[in-house]
Amino acid sequence: MNARIPDLLQECVRCRRSAPTDRQLATQATSGKTFGHNAFYIYQESHWARSLTGGRGEKKEMSGFKTHLLQYLLVLLTTASLIHRCVDGITVLRFQEDRVASLETTAWYKGHLDPERKLYSVSLCGRFSLFTIHAWATFFMLTNNGKDHILEGDIWVERVRPVFARNWNFQILKEKLWVYRWHHLCFTYDDKNHMIRTYVDGRQTNEQQYDVKRYMAGDRAKLGQGAEAQRSLSGDLTQVNVWDRPLTDDEIRRIANCIVDLQGNYISWDNGWTLQNISSYQTSLATFCQQETGPTYFWFASIPYKTATYLCQSLGSHLPSGTNMTEVWAMLNVSQKIFPTDHSCYRDYWISPNDIDEEGVWKIGKTPLDVNITWALQEPNGLQYENCGSVMHYGVSDVDCFTNSRCVVCTISDHQRASLLGTCEAEIRNVYFTPFQYEKSELVFVGYGEYYITRNNRTWTWVNVVKNTTIAIMEDNEPDFPMGRRWWRLEHTVCEQKPGGRRRLLLSPCPPNHFTCDDATCIPLVQRCDLKYDCRDNTDEMGCHLVSFPKDYQKHLPPRGGNDDEVGLPIVLTVNVEALNIHTMNMNMEVSYRLDLTWTDNRLVYQNLKVNATLNILPMATVKELWAPQVGFVNAIGSHHTLLDGDTTMQVDRHTDTMGRDDAAAEEVELFSGEENALTIYRKYGTVFLCNLDLSLYPFDTQECFMHLKITTAPKNFLVFDSLLSNVTYSASKFLLEYQVGNPYPAYGGKDTYSEVWVRIPLTRRYGYAILNIYLPTLVLLIVSYITLFFRPKIFDTRMMAALTVQLVIATLFSQVSSSLPKTAYFKMVDVWLIFCIGITFLTIIFHLVVDIVVNKSQGDHPGVFRCTPLANQVNVQEANATKTTDTKNNNNTRRKSTCNLLAKYSNNSVDKNVVLFTKLAVPTVFFFFNVIYWPYILTH
C-alpha cells in the first residue's frame, strides 16, 4: 500500500502542470449562477480524480481512490496537503464563444466594494485570449452609482486604452495583439508622479505623464462588457485583479510569466464572479505561459509540386523535410484517418527539398540541406529527369516535378496570421485573418473582426458575417486559392469603387516589415524596389512608384510654406564648385559646379522610400509632372538658368519614418509625408560668370568673384532661399595658376522682388610668378644700374651705355607686363614699381651726365687749358681755339710723357669728389624711401 504513495504524488504534480485537454469539461453557467472557491474546488477535484483514474471517470474507480486516500490520511498528512494543493486551479471565463456581440454576456464581482474607498493610485491587470474583436473589447469596468468609466480597460489589436476617473488615454502598442493567444495586460497609475504605464506580457510598452486629478471609487465591477454590444469581449478571460497601488515592474513580470498568482487588494479574482450567459473552466497557472507549440498540419489531396510549394508557403508553413522517418511515419498514420477513401494519400507526399537548380544538390529554397534525406533503397535514381522528392512509408524517392501529383501536408510550427490588403479598412481588426482547416483540402480564413474568406460552391468569397453580406467574389485563378494577389469582383462598395468592378486584393501571410510577392512568398521590405530581383516571380521590382499625386495637383503652382500663407517656401541651395578658372584678361570666371535645390511639397505623398537616397531617384516621366523651382544666373555671360533635361536628376530624401500603409494598395506600400520629406533636384553646369577684378594692388591683390543666383519661378513672398540650410562647398584644387581659392560662402539680401543669393568665392593672387619674373629681375637690373655709378668717371661712354641698357630692359619688361593685364584707367602696383624702376634708372643716367660735366670742368675744359691724351707715338695738344698735332721724335718722348703725367695728376686731384659721393648716396636713398612707402601700402591694403 505504501508503494502507491509516490504514484499519487506524481499524479498530483502532473495535475498542477497540465491544462485540461477536453474543454467540454467546462461548467456551463446561466443567468444567476455563481462560482467562487467552492466551485473551483469541486471542478478541480473532479478533474484531478479523472486524471488519477486514467481519465475514465467511472464512479467505481473514483470510490476506490477515495477509500485508499482515507487510509493514507491516517499515516501521511503531507500527502493530503499536496493533494489539496493539486485540487486548486485558475478559473477561466469564456465570453461569446459564438463570436456574436451581445449585451447579455457579462460577469459581476461578488466581493464587497466600498464606494467611500478612494483610489488615488491604482493597478489593473488581466489575462485574456480573444476570439474576435467587435469594435473593441472592454474586459473590465468599475462603476459608481450607475456611472461608467470610473476604471476601465479597453483592447484593440494595435492599441489599448486605460480609463482612470473618466480620463481616456490611448496607448499604441509596439507589437500587435493576436487572437487565440494568451496575453497579459496591466495598467498602472502612480498619483505621486502622475505616471501612466502599460505592460503587455510583462514588458513595459508605454509610459505617459498625465495628471488624472481625481480619485477613483466604485460600488460595482463587471467583466467583458462595455456600454454597447460592439464593445463587449469575445474570448477567454482570467486573473483580473485591481490594487490600490502601482505594482512594480518585477511584480508584473512575475505575474505575466506565470510565476505567481498575485491577488488584488481591491478586487481579487479569487473572490468569485456572478456569471451571465458565459461559461467557465479551470486550468493550471502554467498553461497560460505555454503557448501552443509543436506542429499543426494542413492536409490537401493530390496536387502538383509547384502548387504544393505555393500552398504551404502562402500559409506561412512548409512541406516536410523528409529527413526524419519518425515524423514521416507519424504523418502517414494520421493521413490514413484523414483520408480514409483516398488511398494515394496513405503513402505519397511531397517533401520540400529538390535538386532542380543543380543535379545532386538538394535544397530547400536556396539553402542546401545539411542533413541527409531518408532515401528509400536504391534512391535517388532519376538523374536530371526526377528532381523532386516523394515520401512513402519505406522512405523517400525522387520523382518528376512536373508530371506527377502527390498529396500535401503543410507543417505549421506557430500561430499564423494573414492580412487582406487593398480594402481601405480603417480598423486593423478587419484586415487580419486566421487560417483554419475544418475539412481536408479546404481552407477558411476567419477574420479578427467582421469578415470571413471561405469557399462557397467552389468560389472563394469575402463575406461580412455580422451583416451577412458578400463583399466580393474571387475570379478564377490557378492555383485556385486566395493567397497572394488576386482579382475580385465586387458585390459591395470597396474603397469608393462601386459594385460590379474588378479590384485587386492581396491576402498575405507575411509578417510585418515584409513584402508579399504575387505568389504569396515573403521577402524583407527593404529588398522591395532595390534595383534587383528578390521574388521568384520578379514582382518586387514592379510598380515601384515613389510619388502619389493628389487629384487637385497643379504643376504650375508652387507649394506653400507651411500653414502660414505669408511665409515663402524655403528653397535649400547647395552649390559644389568642382572646377574653377579665372580669366584675368577677360575679367570673368569659368565655373564647373553641381547645383542642388531642395524643397518640400506638402501636397504630395511618397511611397516605398529607402534610406539610401540613390534608390529614390524619380523617372523623368514623374519629374516632368512635378513642380520644380527655376533659378536664373544673373551675372552669367548670356541668358542662363537651371534646366530640366536628361542630365537633371530628381530624388526624394527620406528624413522620417513611415506614417503608415496605403490601405487602398494591394501590396505593402509605406507612405511618407511630403511635408517632412524633401525633393532634391540637381544637375552639373558649366557657366562663365562676369567678375569685376580690382587690379590696383596687382600682383598682391585679393579678389572676390561671385555667382549671382535668383529664383525666377515666383516672388520672395512665395519662394525664398533658406539662409540657414543653404551651403556652398569647394571640391576642386585650391591652387589655381594665378590664384589661391578661399572658402566660398553664400550672401543673401537684395531689394529685388525675387529671392537672391550671391555665391562669393574669395581669391588671393599667387604673387610668386610676379616676384620671380618682375620684381627680382628688375631689382637685379636696378643693382646693375646703381653699380655703374662706381665706374671711373672718365669712362663716361661705358657708364652711360650700361645705364641706358638697364632702362631699355626695364621698359621692355614694363611693356610685356602691361600687355598681359587688362587695360585699366588706374595704376596697378606693378605699374608703380616698373615706373619707379624706369625713373630711378633715368635718375642714374642724369647722375652720370652730371658727374661727367663736373669731371670735365675739374680737368680745365676751358680756353687756355691743355688736355693731355697719351697715344701711341703721338701727342695731341688741344687749345681752346685751335688744335695742333705734331709727330714726335724718339728722343723727345721722355720729355713729353712726363709733361702729360703731371697734367693728369693735377686733374684727378681737382675732381669734385663730393658730387660723385652724392650720386652714390642719392640713388639708394630714393630707393629706400620708395620701398618704405610702397610695401607698407600693399600690406595695409
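For all residues, glycine too, the Cβ spot is worked out from N, Cα and C.
All annotation found in TrEMBL is predicted automatically rather than curated by experts.
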Of the candidates Cys495, Cys529, Cys535, Cys544, the one TrEMBL records in a disulfide with Cys517 is Cys535
Tell me, from Cys510, Cys544, which cysteine TrEMBL puts in a disulphide with Cys529.
Cys544
Sparsest-packed of the listed disulfide-bonded residues (Cys522, Cys529, Cys535, Cys544) - C-beta count within 10 angstroms:
Cys544
So, do the transmembrane segment (915-937) and the transmembrane segment (767-789) meet, by the test of 3 or more Cβ pairs under 8 Å (sequence gap 6 or more)?
yes
Filtered by Cβ under 8 Å and at least 6 apart in sequence, the residues in the chain of Cys517 (disulfide bond) near it are Gly484, Ile523, Cys535, Arg536, Asp537, Thr539, Asp540
Hey, how far is Cys529 (disulfide bond) from Cys510 (disulfide bond), Cα to Cα, in Å?
17
Which secondary structure state does DSSP assign to Cys522 (disulfide bond), in the simple three-class scheme?
strand
If I take the alpha carbons of Cys510 (disulfide bond) and Cys544 (disulfide bond), what is the distance between them in whole Å?
19
Mind checking which residues reach the transmembrane segment (801-821)? Cβ under 8 Å, same chain, six or more beyond either end.
584-585, 695, 698, 774, 777-778, 781-782, 784-785, 787-788, 791, 828, 830-831, 834-835, 837-838, 841-842, 844-845, 848
Between Cys522 (disulfide bond) and Cys544 (disulfide bond), what C-alpha distance do you get in Å?
17
